[in-house]
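Asks: The structure is given below, and queries will be raised subsequently.
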């Protein structure tokens, strides 16, 4: 009876959880439908276009810079399993060279059991022993030749100076002595080599005891047939761009691509990180988001202002711009850039780096957003440029030298203050430019610099992307290379039918599951940052009843009648000015006030 009671209790809990989730989904869909009915999306078209252009330029410039700087460098394939170095199409990395060569990410070659590749190491030892033996034989032969020449000279002198038969018989005796010396040297050489071979066998026996039964099987790399190897066995195998592009997607997890240690001075990671962060901050000044994680963070912190549909459209245009830019760069320059952001082996480490970095960066951006909002509220009553329409009508010519003064009611190059204070004394600056946007940049320069150096630290030190749009663009470009450009022709139907293959579908699913931390980490970090900011948010904001009149109905006389009773919602007080500004000032869509 107790077990049945517990089972019924768990069933009731499950039903309650399902009903709660279903209710949340229904309410969310209802809000989306109301937003679609109420919102006029045409007024956001310039914002969507700006997000598309900003994302395209951001990804395009960084990709071009990195691809163009690294396209002539040699890269290295490192196989993660034990490999026989003397087989064709295999790649071998000697244990000694791993520690001597300064290459990031190099590790000892170990199999699944954690045991070193003893067969390969023994082969290298035998190779080195043979080289030493050949060198010793060469020195011994030279020594024997010198002894033989000395004996020959002594024998000829004795033949010329002596006539007796006893002296003539000494010649073969000396030859016998020389041959005995040579035989003794060879005997000593054989003894040394036998001792060395015995020691090697003893050492090999000590290793072989701990080996498993399947360690004698050879593991070949059959999917890298076009790799051009160097002559020396104990060096990394260097490859070019075309060899990387010809790899098989199925076996890609078995290898690791590294940069040659001799070319490490040509690495421009710090330069393009600085360049990318600078572009990002410049677009933040212009008012773009460029980061879907930050866009959804703004929606979470103020859902009434942005709306789920508007936020999704923002992110969609960001993704489209980034993907097109990445594919265009890969089509022009190659695909080296793709392999720098492929899924990492350490999933949790990647997720934590992306999560923590995006969490801290989103807090900075949201603080910057709140500071912008306060700046707008504090400066909303200041005088701006006033456009005098009456003077334009009375102007004789638009090409007048005083056209600016006629339009804006004062001269931009005036040395007097526009306000009648201190009897219009001269200002310190010779050019007085009363523009709130310049004031906005000057007042926010500290935040912008702080965000810039924070971005530079996260990208350069932790090697994280901080942007799911950037990671998704890279992955889509990788698939473009594998399934489109490999055929040297673009045929939509052939590409579509090639994706219907069950094997390719499974490969893509596995590939994207492994790369989930590249975009789940930023989204999770930004979501936690919004909840953290809401803990310190003032909930006592002024709420007014605002009627959204973006949707109208027409009567028989073709008069516009607002749907007053249909779309009635509560907004924050400052949103009334926001909606009026965006509706009646269409020429200022890209102004910072909108964001």
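Glycine is treated like the rest: Cβ placed from N, Cα and C.
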Asks: From 230-255, 308-333, 386-411, 464-489, which range did Swiss-Prot mark with transmembrane segment?
Replies: 308-333
Asks: Of 344-369, 552-577, which range does Swiss-Prot call transmembrane segment?
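Replies: When 344-369, 552-577 are checked in Swiss-Prot, transmembrane segment belongs to 344-369.
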Asks: For the record in Swiss-Prot, which of the ranges 24-46, 47-69, 70-92 is the transmembrane segment one?
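Replies: That would be 47-69, per the transmembrane segment entry in Swiss-Prot.
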Asks: Who are the long-range neighbours of the transmembrane segment (514-536) in its own chain, taking Cβ under 8 Å and residues 6 or more past its ends?
Replies: 291-294, 296-297, 300-301, 341-344, 347-348, 350-363, 366-367, 464-468, 471-472, 475
Asks: Which residues of the chain, 6 or more past the ends of the transmembrane segment (344-369), have a CB below 8 A from one of its CBs?
Replies: 284, 293-294, 297-298, 301, 444, 447-448, 450-451, 454-455, 458, 462-466, 514, 517-518, 520-526, 528-530, 532-533, 595
Asks: By a Cβ-Cβ criterion of under 8 Å, what residues six or more beyond either terminus of the transmembrane segment (308-333) are in contact with it?
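Replies: Counting only partners 6 or more residues beyond its ends, the transmembrane segment (308-333) has Cβ contacts under 8 Å with 28, 31-32, 35-36, 39, 41, 44, 47-49, 51-60, 63-64, 67-68, 71, 289-292, 295-296, 298-299, 469-470, 472-474, 476-477, 480-481, 485.
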